[in-house]
Structures are given as structure tokens and as C-alpha cells.
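Chemist: Have a look at the structure that comes next, please.
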């Protein structure tokens, strides 16, 4: 009797237990895949972010624990002329760089999308600046755009144009840096666009050709809409990239002359590691974070609405 | 997006990574005391220090020194050490610039060597006065002097000869400096009399201080609560540079982080170059026919500025602090120092070194270093030992750039910088 009971219990229990065990095994397998990534994301992103948020409510100099100052760092921010200047400089970069990199990237990608001898070489030419380190690019460009000894002014003189202040001029330095930034980054847009253009199916292009579409019409009505998702991606990517512009500044101007090339991230770095006001620096970093997030959300919403209208 | 928090994130990542590493090298009661040094040196300097450490380990049974570059050059040591202190993974000794001392000293893990420096074996008075001042923060000695330097004027002999000017004599004045620079300037050949950095860093600022001091001014008030660099002495100093940059156009304004000036001097494009002993090995390699002279003077005062660097000691336990002082006493002893100086061209950090027989060979190896070494006597003051100095310096860097570019008058620029500095200095704490 008890045997039968035991048996039936075992029978009824067995099917129940087996999925449990499988579930556990699935969980273990799942976590063993996701675990390392989770640990890395937690350790390198979320915990540091939380820590930085806490830091932004203190007056820490990283040498001593610091006192809690509540929202004072954020309040101080709005009266800080250098912060506003950094905001303006970074904004200028974003406004100039994003459209330029999208337009130039697409045009160059179209030009490079053809079968010519040595096309691989031409393609590589546009990608090399992107691969080059910011340090070498910065040093090189520092020489080219030097006011007194640079190639650029040498060229201007040869062409009979007046000598420009370039990196030595507070009103021109940020434009020059934007140009350098564009030169080092837009190769990435070219590569992405080129890949997207090559994905456009031949039939569509052939159909357009048979219908007698001009080159311009093909470009405007077929290529541009086809790479739309890449344009959104590159826009978001470029925005993040531009808002975090930092490395070239260290190797070209260190924020000078007269703060004319201080960007937000450079200012964060200065505040934390030169001026020993890490708490304040963290507050600036968080404002940048919030601003970036809002801009991206707004951008994506606009892009989505446009997509729905089409 | 995550990178938006670049500075803070890197820092915390280092924290997370190293937090586990430090406990492994915890206290040990028996055997030799193990200490770690982050030297931050490169090339020849790094090799020399590693050689010296090996010799120390071979000759000392009770202390074992482990060399680590600290993963950073001297320039980048501050963020590294900050992260290491936060995460309890700090070394016993680190090479840190003197201007960082006031900030670093606030950390409770910084050792206090004050008592040790009073013992005869430290031979503390043998170090130059400005070095001792630089490693002492509010009466607390936080380490040993490591390297000392001072500012001199290097001149290109060929350019002076070409302009038909006699080489500068030690008793020259700033008016001489201006006139000679003007004469050497030849825009057609791309030659400038001298250079001044206008980037946003300390390199643009520290050269102004000796001019200010010579004219009787000072950077801050004695209690370090008020900026005084906009005094008539400060205006006079910056006015001279402004006249050179704007009127004579004899000053090449260097918007890059300082190194470009040195390269231009090496390639014969600059008549004068204000710098220190560290450029001598490079100048020799570039085969420049150079001369060295002390700074021009004001009313016979040739005061210069110096930036002593320190070996700062951090406290793990008493035994390791003692081991660190044993090692640093050995490393900074005249014999070892002379070897280091001969290899790297840096200046004597102790007066007694100049009396060693090998000192003459060192002088022969680096032509001109005798002038820089003698100029140590003109290095009377260091930059204000306050945690606010880096901020104050950034305001002055702005003022210098604006003035030299002719955007504003000297007085306006300095007054504006002083007002900003006063606001920063008024913030309580530190």
C-alpha cells in the first residue's frame, strides 16, 4: 500500500520536478551567458554612475570624503560663466558637426559606391583619420593650424589671403577644432552609409533606371529614404560623440586661448582633476548626461513621427 | 552615454578593479618590509631609477622595494593616485608635483614624516630651502624632495650673432630682453625673439611670477585669502609681455600645450626660450648651439621660480612607512643623487652634492647646467601652497591670453582675474 502510494506520489511528483530541474538548468545556462556581461555593466557603468550621482551632492575633492552640500553644486552651476561658455562651445560643435558629417558622409559614400580600379584604396583613405589616435591627430593638426608656422596660413599667404588667427584666436579656435573633429570622425559615417547603400536591392535601382529617373531623383527618392535608419543611428551617435569631445582638446589647446575651446567634458575633467572640485565636476557631468538623454529622446521621437507620416 | 561621466566613471572603475588587488599585499609581520613605489618616469629616467632600486634591494636585507611606473607619467600621476587612495590600493611612495602637495596632504593616508626630518640621519637642512617648503604642508612633512628645477633663459647663439647682438650677461634687464627679442625677430624667415604659451594651463602662468616677484609684488596676500597679482608690479610684468606681443610682434604665442616652443627653439626659430634643466638633453640631441643665462632682472633682482617635485609617502602601517623613509634616505643621498643627475641632467637637490668630486664631470656633461644650478640661489619662493592655486592659475592664464592677443588692456584683464580669484579664495574650507 505504502509502496503504491509512494509510487504514485513519485509518479505525480516526477513530472512536476523535472520541469523544475530543467528550469533551473535553463536559468544556470542563461545566467552563465548573461552573468559576465551583467557584472561588467554593473561594475563599470551602473555602480560608478550611482557613485558619481552621490558625489555630485558633496563637496568632495577625492582626497577627503567631503561634506554633503545637497543641491548646492547644481545651483552654483547656473551662475558659472565657464560652464555657459563650455555649453556654447559644445553646442557650436554639435550644430556644425552633425549635419556636416551626415551630408558629407552620404555624398562620399555614394561616390565610393562604384566599381573603379583601386576603390579599396580610396575607401581606406577616408577611414584612416578615424583610426588614427586623437593624440597624433591633435599634434599634427596643431602644427598645420598654427598661426605663425602652420601650413594653413602658408597656403593663405600663397593665395593672397590675409593671415588668420586659427588656433591662437579665441574667435576662430573652436571652428578650427570642429574642422579637426570632423576630419577625424566623418570616416565612420562614410563606412556606415556605404554598407547601407550596398544593401539597397539592385532591382529597385534598375527599375528606377528603366523608368528614366535622373541621378538626382535616384539619390533623393531611393538612396536617401533607404538609408534613413542609418541616418538616425549616425545622428544619435554623432550627438553623443560631439557632446563628449575631449581628447583632441588636451593635445591641441588645453581649452585655451581664454577658455574659447573648453567643452563640457573637458571642463568636467578640469574640475575633478585640476581644480580638486570633484563633487562639482560630477554635477556638471550629470547635467550633461541628462541633457544628452533628453536630446536623444527628442530626436528619436521626431524621427519616429516622420517615419509614421511616410 | 555612459561615457558622459568619463572622469567619474574611470575613477570608479579603477576603484572596482583594484579594490580586490590591495588586500593581497596587506601587512606582513616577518621578513623584509615590502613597499611599492610609483615613479612616473620615462625613458632614461625610468631606467636609472629602476637600476638604483635594484641596487638598493641587493644591499638592504630588511626592505624590499617594488618598482611600478604607476601606469602614468608624472603629468598623469594625480588622477591615478586619487583613484588609488579612494580604493585603498595606493603605493607607499609616489612621485608628485609640488603644486599638488596641499591637496594631496589633505588625505589622511598621507604619512607624517615631520619627526623623522628632525633626526640627524635625515640631513634635512642639506636640502634646498624651497624644496623643504614644497614638501611641507601646514607644518607637516609629507615626503622627500625628488627633483628641483628653476627657470632660466636659453638663447640661440647663432640668431644673436646674426642680429649682431652681444650674448646676454647675467646682469641683464627685462628691457634688454625686449630689445634683443625685437632685434632677432625676422618675420620673413619665421624667426621670433621669444615665445609665451597662451594655452589654458599652468605653463602659461608660472613664467609671469618671477617678473612679478622681482618688481616687489606677490601672487596672493600672506593669509592666501586675496589675490594681489593685479598690483602695479603685476601690471608692469604683463605690460612688458603685451608690448612684445602686440607692439613688437617679437613674441610667438604658443596656443598648444607647451612643447611646441621647445621644438621651435630646437629648429632655430626662436632666439630666447624660457625653460629649465629638463630640456638640456633634448637640446644636445638636436645639436643646437645654445647658451644659458639667469632670468633678466628688475633693479638687480634676478629672482626665478622653481617647481620642486616630491616623493610623497603614504601610510599603510608604521613598518612600511619606516621602510619608505629608509629607502628615500638612501635614494636621495648624495652618491645616488649624483648618479641620477648624471644620467638625467636634473639639478642637485642637496647642497652637499655640489662638493662631490664627480659633480665636475656632471657639469661637463651638460653645458650650461652650472648656470641653472647656481640659479637655485635665486629660487626663493614657491607658488602659494593652497588648494585653490590651480583655480587661481587658470584665471591668470585667461588674463594672459586675452592680453597678449590684444583683446583687452593689461589692467582690465588682471583685475577681472583677481576678482574671480577672490571669489574662489573666499570659499571656506581647505
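Cβ from N, Cα, C; glycine included.
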Chemist: Can you check which of A:1-27, A:28-54 TrEMBL lists as transmembrane segment?
Modeler: A:28-54
Chemist: In TrEMBL, one of A:91-112, A:245-266 is tagged transmembrane segment. Which stretch would that be?
Modeler: A:91-112
Chemist: How about long-range neighbours of the transmembrane segment (A:283-303): same chain, 6 or more residues beyond its ends, C-beta under 8 Å?
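Modeler: The answer is 52-53, 56, 73-74, 76-77, 83, 232, 235-236, 239-240, 243, 264-265, 267-268, 271.
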Chemist: Per the 3+ Cβ pairs under 8 Å rule, pairs at least 6 apart in sequence, do the transmembrane segment (A:124-145) and the transmembrane segment (A:28-54) touch?
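Modeler: The answer is no, given that the two segments have fewer than 3 Cβ pairs within the 8 Å cut-off.
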